[in-house]
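> One structure, as structure tokens, below. Some questions next.
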Amino acid sequence: MGDDPGSPQLAYWLVLIILFVIHVFLAASEMAIVSSDKGKLQDQAEDGDRRAQRLLTLLGTPSRLITAIHMTMNVISLGIAALLTVHFSPLVGVWLAAKTGIPYLYNITLMLMLFIISFLMLTFGESIPKRIVLQAPERFAFTANWFLAMLALVTKPFLRCMSGTTNTALRLLGFDATRTEERVTREEIRSIVEVGQEQGVINPHEREMIDSVISFDDKQAEEVMTARTEVFMIDITDPLEHYISEMLSLKYSRIPVYEDNPDNIIGILYLKDFFIQAYKKRSFSDVNIRGILRPAYLIPERKNINDLFCEMQDNQRHMALLIDEYGGFSGLVTMEDLIEEIVGDIDDEYDHDEPDIYPTGENTYHVHGTISIKEFNSEIGSDIDEDSDDFDTIGGFLINMLDYIPEDGERPVVEVDNLIFHILRVEEKRIKDIRVRILPDSHEDEA
């Protein structure tokens, strides 16, 4: 009795189906691993759920497991593509060549078959299974647990061999085999957060906070400081009656103290210490301010604010004084300033100041001279250079445009592109208040 001619065909299709099912299962398993709620699994494991305990053990090295899955999926994909291409390309190529009479059609058919197979594998073998598993990733992860554990065990020798070969090749090429790139970049995190907001999982305020946390490490202390010209300071050589009234009306609890020159900081006066001494001596005038000063925390103005935040936390500091490259005092940063970089402005019972920029009419704004160029651009929609070395604030920008410092009481006008700046108030060589009018763009006029 001869061999059944249908047996090879049956075996061929059976192998294809098995390979495809394994590929689908692996694609779904990868998504289940990535999407499973680890906190939820931890709670279940603590409640005695053995499946959750085994799954958490398996997920202890997710990168190794995902690498094993990818390697197996790639091998299966190549196998399926090879089997289908070898089987169908001659049939389709010969048929098309006979119909059209075009030479070399077999080679064209081969490329076309590879493209079609790749598309079908990505769609039905990866994308659809992953989308389905997203509905209940933990449930599928429990189902795939035993299979993934076996896969990790079987592929472990191959992964070690592949890793060793890769490291050797890198060393021969002159690269550092121990160096690894970031697994997740900041841009990828921002993209995930953006998708979360679009889907309603994350609200706009939460997204803004996450963006602030991500960019927190990119800023320097000078970018968030209160400038020296805005800081209330005490000259230890001045009589107490010269500043006591203003000092007692302050909302601040710590005051920098200098001697003769503001660059010569000799310490920080805590108002609490001052009041304790005044109470003991029954008089403000009898308080020896120099004797109750605390050491100033001095830092370079270009210090990274993330490092500064950690140092201030560790050392229980609430205020840091910034020193420029020439040794001069340039401004101060408080712990509140750093926190506000993440959560936004924090208003307390003393904060009743008007905003730095607010509308006063149609296309007209009132602006404080100390507002940063970045904030001004964000509010107005302008594109003034934010990275200039010549200015940091809108007041500094206008002085740069004027090429001189206006006198007290002077009210010059500066026009830049479609913005007209009316300087309203100048005090002590500083631009305090500005009215900004936005003119229609020339493109709009032509329209």
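These residue numbers are counts, starting from 1, taken along the chain as shown.
Keep in mind that glycine also has a Cβ here, set from the backbone N, Cα and C atoms.
Per TrEMBL, the features are:
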DOMAIN    5-206  domain 'CNNM transmembrane'
TRANSMEM  12-34  transmembrane segment
TRANSMEM  75-98  transmembrane segment
TRANSMEM  104-128  transmembrane segment
DOMAIN    225-284  domain 'CBS'
DOMAIN    292-349  domain 'CBS'
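Burial and contacts for the listed features, if you can.
Sorting each residue of the domain 'CBS' (225-284) by its DSSP state yields 22 helix, 20 strand, 18 coil.
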> Grab the pLDDT values for the domain 'CBS' (225-284) and give me their mean, rounded.
89
> Treating G and I as helix alongside H, and B as strand alongside E, what does DSSP give for the domain 'CBS' (292-349) in helix, strand and coil?
21 helix, 16 strand, 21 coil
